[in-house]
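Single-structure report; data block below.
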Amino acid sequence: MVKLDIHTLAHHLKQERLYVSSEKQLIQRLNADVLKTAEKLYRTAWIAKQQRINLDRLIITSAEASPAECCQHAKILEDTQFVDGYKQLGFQETAYGEFLSRLRENPRLIASSLVAGEKLNQENTQSVIYTVFTSLYGNCIMQEDESYLLQVLRYLIEFELKESDNPRRLLRRGTCAFSILFKLFSEGLFSAKLFLTATLHEPIMQLLVEDEDHLETDPNKLIERFSPAQQEKLFGEKGSDRFRQKVQEMVDSNEAKLVALVNKFIGYLKQNTYCFPHSLRWIVSQMYKTLSCVDRLEVGEVRAMCTDLLLACFICPAVVNPEQYGIISDAPINEVARFNLMQVGRLLQQLAMTGTEEGDPRTKNSLGKFDKGCVAAFLDVVIGGRAVETPPMSSVNLLEGLSRTVVYISYSQLITLVNFMKSVMSGDQLKEDRMALDNLLANLPQAKPGKSSSLDMTPYSTPQMSPATTPANKKNRLPIATRSRSRSNMLMDLHMDHEGSSQETIQEVQPEEVLVISLGTGPQLTPGMMSENEVLNMQLSDGGQGDVPVDENKLHGKPDKTLRFSLCSDNLEGISEGPSNRSNSVSSLDLEGESVSELGAGPSGSNGVEALQLLEHEQATTQDNLDDKLRKFEIRDMMGLTDDRDISETVSETWSTDVLGSDFDPNVDEDRLQEIAGAAAENVLGSLLCLPGSGSVLLDPCTGSTISETTSEAWSVEVLPSDSEAPDLKQEERLQELESCSGLGSTSDDTDVREVSSRPSTPGLSVVSGISATSEDIPNKIEDLRSECSSDFGGKDSVTSPDMDDIAHGAHQLTSPPSQSESLLAMFDPLSSHEGASAVVRPKVHYARPSHPPPDPPILEGAVGGNEARLPNFGSHVLTAAEMEAFKQRHSYPERLVRSRSSDIVSSVRRPMSDPSWNRRPGNEELPPAAATGATSLVAAPHSSSSSPSKDSSRGETEERKDSDDERSDRSRPWWRKRFVSAMPKAPIPFRKKEKQEKDKDDLGPDRFSTLTDEPSPRLSAQAQVAEDILDKYRNAIKRTSPSEGAMANDESAEVMGDGESAHDSPREEALQNISADDLPDSASQAAHPQDSAFSYRDVKKKLRLALCSADSVAFPVLTHSTRNGLPDHTDPEDNEIVCFLKVQIAEAINLQDKSLMAQLQETMRCVCRFDNRTCRKLLASIAEDYRKRAPYIAYLTRCRQGLQTTQAHLERLLQRVLRDKEVANRYFTTVCVRLLLESKEKKIREFIQDFQKLTAADDKTAQVEDFLQFLYGVMAQDVIWQNASEEQLQDAQLAIERSVMNRIFKLAFYPNQDGDILRDQVLHEHIQRLSKVVTANHRALQIPEVYLREAPWPSAQSEIRTISAYKTPRDKVQCILRMCSTIMNLLSLANEDSVPGADDFVPVLVFVLIKANPPCLLSTVQYISSFYASCLSGEESYWWMQFTAAVEFIKTIDDRK
């Protein structure tokens, strides 16, 4: 190995620390930004959809809503407030949230309820349909919501259209549930907008350019469009042959124009079939497949219905009203253009139906001019999609991992929805879905919640807004939660629910407040906030697991996806909220972070997920029952549990909060165990504690994570038996219950891990594992995660707990008392099957409880020798003392080594609860090796404690010695009293552990195994022991190991034995390096047991890493190499290079008066001085190796940052789209209101047109137009419709009025001299046409610089100017010219990046573009703008207008003959 340079190492470590710190800060900022953007997105989307629904009401102008009411409603919508649901609904928010969540996940029930409501003629069915789309499915922003809605549509086809006598008529009427929902969906679907824009923009603009005549093909209607005078002028004398001939000629001409137009539309339809939305195609193919099976329907009829759906309901509305869909934004559509668009839409539908039904005989002639299969071919492509059962999902989901956590719904909508469901239930129209609806409604409160002032809710933003009393809701208020792919599927599904529902329907006139109701999510993990340990252990479990399949997505694949969008911004909030929540868990941040992240760390997670799914449906209702029980007494409300639902707060001293079982149904536990056993059978071996040599992780985290989740929801809250009840039977049953429910099995580790974080704030109340797994723990989970990651390196192995000793002992008593469930529990015993390397001594009698449990057998060989050292059998094989001794000798490890090994493993395997005064202390690093904490099944007594954790460490010794006395006195109390006392925190663990270790050495000596296993002690009666077992079982549940800690200890203790020879061959030890200043233990704990080399080595390595990563290179000594290389092997430790280095650092700290750094460095130097040179070199080599192995953590941070940046960018793009939709809807709303205003002033407008015709001077015409526009603006200001309009809406309205008025007088204003102007334009047009044949980009008359010729002929600029005829107002025409000029400048800048194009470069290109585009009526355009807009030109507009007129004049002078 290359000799290490301490200075280089320190340099690298400092770089690493700075980089990790800055990355974490950036990731935290990104998490906050993503949440802000997501919140804004959902609020904006909610308002935008309500505006769209309001617009539809205005267009229909139904009796229920006058234009004035619609305008008022639009104003109110803009001011919508979002209010947390609990403020309005109180504790009932939970029930409503669950109702909405379960309803949302049942598309079939929604569809059957809507159909039943229609059959019952419920008047609010339509508003409920709006609520389903906008609130329940959140406008389908999230892909999962879209998938659910597609399934609702599929069921509607089955229940509504398939059952109808005349489904086609039902569909065409457009009032059935399917039609309304399809319209809402297709209007909001972004891919549908893309398809419509790509297909229709060009042909519609072309139609607007040529909108001079109505393309009427019916001769009778054509004649009616002209006054008698015009008829005579155009066609001659009425009734004559010449008249009929002229009319027919005009009809033929119109037909030819129409055919050309329609062919253009069809061509674009075919060209853009590739971007037809997959989800719409899926609906059409589902309709075709479902209805084709109906006997009474012909295939042609079914095809006709698909055609209606595609054309009548999707494409043709966009053809007729393109501005409503954003296809055309600034070009006004006048009456002539609208008529022509309707003609196109009608022809498209007729062509699609060719061959399937008899058309109108009069249209057959015109249809004969088309290719018969032109539209049918397009339909075949769409209908021909394979009708797969599951809705299509996008292959690239940029929001993967994001999920919705709330529903936006107004109070009135919520009540309407609930009442609708109740009326459907009572209407007896439901068939097989009746039971499901009954179950849903059963959990809803009977009384209507009182309505408070604010009704809205905010989905994501509320972490900051929610009061501290509602921690859980804060979490749920976040609309976006993360789904980690490595977590269980149930978690994913839960999270997804919440985000999307963010909208409310418009059934009430003033829904200015929207409730944000939480759907109740499970635990979530914030991207980038995993600690170093967790990431490295995931890496380790993925890379080296032999027995279990590796999930590539865990870490190697895409941790950025695994943990990418767990955007629970409550982490920030949780920090302030934590202490008030659970006073005992100051550093619960660390624990929760670790436990959450480790849920998915293990490789066999998928199997665990299957087990979870098996149980999910059976346990789903248990939580509901609990809610009902608590609700009866208003307990949730009184205890402040409305949101947090932390059951531990409500438990009385005699309550049992066991998971799953109660005294009254003792068999449930065993049944549940058998189910778990069956579901997880194949996981048992995978989750064994394998030896390091085999590359396996100590514990399989995933197997456990699944069960914990299922058990979490099933609580029993029965009162425990009192002391006076028959103790034997009751306690025996209770013990079985505890054993079965507190996470013994190989699949339950996660439960136990998670319990740590949800330890009740009352130290005396020990609660079984179920609490932790409830989703309400999340607030602290994330908060904990944040704090853990805020340390320098983020990683810590565990946090010491005041109860650690008791917890540790608890592991030994799990199966002590004989019980009928013992054999069944054997496979779930963490000692026998989980830590597969040691077979457990399982006595059949109650043994005396020794003061310290024995260590487990050696587990070192794998780490040191590379071979697996396994006991002969797994399971419940009982080892005699002799066998144990023989095994030890066979694997020849010194006794001390064996003990240190086993204790390290087990102690690290238990995750302690954090105590306020011992925040973030890496527990497994500080536990001495001999303090075995869980290797055997012997009974261990809980120590009662009388000192608080903040007491001096010296108290620990006296506590320990008082143990046996305390136990005796403890026995005289009722068992539940003992539970409180023994659960009280004691002296901090590291000291007590050392005391125990010294006693081990004194009392037990090398024959500890035989002493412990052979000597029964009469001190405890069987009954008292059972009671103690129960108590320790409770404690033990909290101490289960997290995979990361287990893996850690496995390597670390192997690394340094007395001679320091162990190879550093496993990345697991890396996690031990992840410490910050907070993690340093006091020197007291170091002095307590200096002879423990394994512990000291790890401790020194930790401290030295901290010293190195904060050192400054300026302070490096110069001659360290010669000093180090010249040292003989046994020189004094003061002289080695680490000490020299530290001395310089101490000097610098003294110079800077940095007291904290001085203390750290001095402590580090004191520890280093105890090692010889060789060990110091190994120390540096180990730190360097750890540094190299931390590369995956750096990669993890980078991927998380990239993932968050991608998500943020995508959310911003989604927000842009939503804002654009909202703008389009608002502008169209204004246009409709203007149309209504002008209709009321039609008489005035006609008078104005007549006056305008009489004028001849251009100035007079301009003045008259200006005066009339001002008159209309004044009328608008006084109109009741416009009373609530904003300034922006008034400006839009003025623009709309100007466009409408100029449209009416366009020909009079544009051609003041009529035929003279038209002929003049025609002459110039022909001249330019001749020029375009001979002029090229390098023509000598133009002199375009050669550098700009590469972009010729500038087609995008040509297409801009060609559309100038579509605009009718002088302002819009100038804007069109500006867009052309700016396009040319962009292209010129692109061609030559070194210089800015000037006028000499620009004008020749402008001339060339005008020649090639040859827009019609150039001279009249110049005259029109000069007359009506010249006085308004200024700034940039004026400059480009001047360039444009100069170019037109220059074109007139070019001679095409030269």
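Here the Cβ of each residue, glycine as well, is placed from N, Cα and C on the backbone.
Of the given residue ranges 223-256, 495-528, 1039-1072, Swiss-Prot assigns the label region 'Disordered' to 1039-1072. Looking at Ser394, Ser902, Ser1096, Swiss-Prot tags one of them with phosphoserine, and that residue is Ser902.
Among the candidates Ser21, Ser569, Ser656, the residue that Swiss-Prot annotates as phosphoserine is Ser569. Range annotated as region 'Disordered' by Swiss-Prot, chosen from 447-475, 534-562: 447-475. Here the Cβ of Ser227 (phosphoserine) has 9 other Cβ atoms within 10 Å, regardless of which shown protein chain they belong to.
On the 0 to 100 pLDDT scale, the model's mean across the domain 'Ras-GAP' (147-385) is 85. Secondary structure from DSSP puts Ser227 (phosphoserine) in coil.
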